Amino acid sequence: MACFLNCVRFDVSKTITDKPTSQGSGVTCYNSWDDVETLTSNFSRLIGSGGYSSIYMARFSGSDKAALKVHVSSHRLYQVFRLELDILLRLQHPNIVKLLGYFDDSEENGALLLEYLPQGNLQEKLQSNSKQVLQWRNRVAIALQLVQAIEHIHEKCSPQIVHGDIKSSNVLLDKNFDCKLCDFGSAKVGFSSMVQPPTMSPRSRQVKMVGSPGYTDPHYLRTGIASKKMDMYGFGVVVLELVSGKEAFSAERGEMLVHIAAPLMNEILDSSVDISEDKVRQFLDPRLLRDSLDIDEVKTMLSVAAVCISSKLSLRPSAAQVADTLIKEIPSLSFLGCGKGV
């Protein structure tokens, strides 16, 4: 029987005073917009933006850098802010972005103060023309850290969480290129899957769809079922980006990476076919060819991607299964000291 997933609302207590107050978790609640303006020096430095929010450089505790995410003011988007706030207040994991503070006027305005990650996001790092190329050992470590973050929200939170928008631009990198999953505004909280009510019109269903071009699970687009399998599909696309260095979706060329990779993915899923080293190297990011990397590690990454983006949901592994596979089959990770996360 299909289970309906309802976004669970959590009570976030807030003491109203004229000064910022500290939650028991160490998260600071800012009680006036003046506090927010002070944190950002009156919003003097914009460092990022999305469809529904802008991100400003901020100073936390007077000196430490932080990132302030300000949501567009509207009642509907305030609900998105509340969802993300409620989730981040519950999450503590080394590979999930840390919430430092927040402002909530309980009506239409909201802001999240997040840890600052100096290396930006994974998409920017992979697509950058900089001479500083993200090395293979960093790429496999990012894959493991990301899937451990997904495993945490899928299996180790109560209630469980489906992120809903796993993509490389939602993977932030710290100074050591360790990754942090961010942006929980599209998350679903509760059971592992949901089915849209059968009485919902196609137009209404379309409005509720989440995801990003190149990353959205085709099964979700067809059925409206948001599940852990959807997150694993997005993870599989990110792995393809890590291996190939290509973007998930090129608006200029109208190409999706999953379509480019489809012939190779089909060969990998056909257990009777032994993929040649030449085919693997043709798909590999050419900036990595001079590295002395183990081609079997590349094959492992591609095999993981293939099962994660499979059209057969039964073939898609859990995050825990992928983490185990990477740890067992990619020797580079043992040298980096990567292991099972919290």
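Glycine too: its Cβ is placed from the backbone N, Cα and C atoms.
Averaged over the domain 'Protein kinase' (41-336), the predicted model has a pLDDT of 89. Residues or ranges marked as domain 'Protein kinase' by Swiss-Prot on the basis of sequence analysis: 41-336.
What Swiss-Prot records for Ile47, Gly48, Ser49, Gly50, Gly51, Tyr52, Ser53, Ser54, Ile55, Lys69 is ATP binding site. Packing around Gly51 (ATP binding site) is summarised by its Cβ count: 7 other Cβ atoms lie within 10 angstroms of its Cβ, all protein chains included.
According to Swiss-Prot, the feature active site, proton acceptor maps to Asp165.
Taken from Swiss-Prot, the feature phosphoserine applies to Ser169 (among others). Summarising the environment of Ser169 (phosphoserine), the number of other Cβ atoms within 10 Å of its Cβ, over all protein chains shown, is 20.
Per Swiss-Prot, phosphoserine is recorded for Ser201 (among others), and the stated evidence type is similarity to another entry.
The feature phosphotyrosine is assigned by Swiss-Prot to Tyr220, with similarity to another entry given as support.
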Cβ distance under 8 Å to Ile47 (ATP binding site), same chain, sequence separation 6 or more: which residues? Ile55, Tyr56, Met57, Ala67
Hey, what's the widest CA-to-CA gap across Ile47, Gly48, Ser49, Gly50, Gly51, Tyr52, Ser53, Ser54, Ile55, Lys69, the ATP contacts in the record, in Å? 15
Just to confirm: which same-chain residues, 6+ apart in sequence, have a Cβ under 8 Å from the Cβ of Ser49 (ATP binding site)? Ile55
Helix, strand or coil: which one is Ser169 (phosphoserine) in, per DSSP? helix
The correct three-state DSSP answer for Tyr220 (phosphotyrosine) is helix
Chain-internal residues near Ser53 (ATP binding site), provided their CB is under 8 angstroms and they sit 6+ positions away: Lys69, Val70, His71, Val72, Gly185
Once DSSP output is merged into helix, strand and coil, Ile55 (ATP binding site) belongs to strand
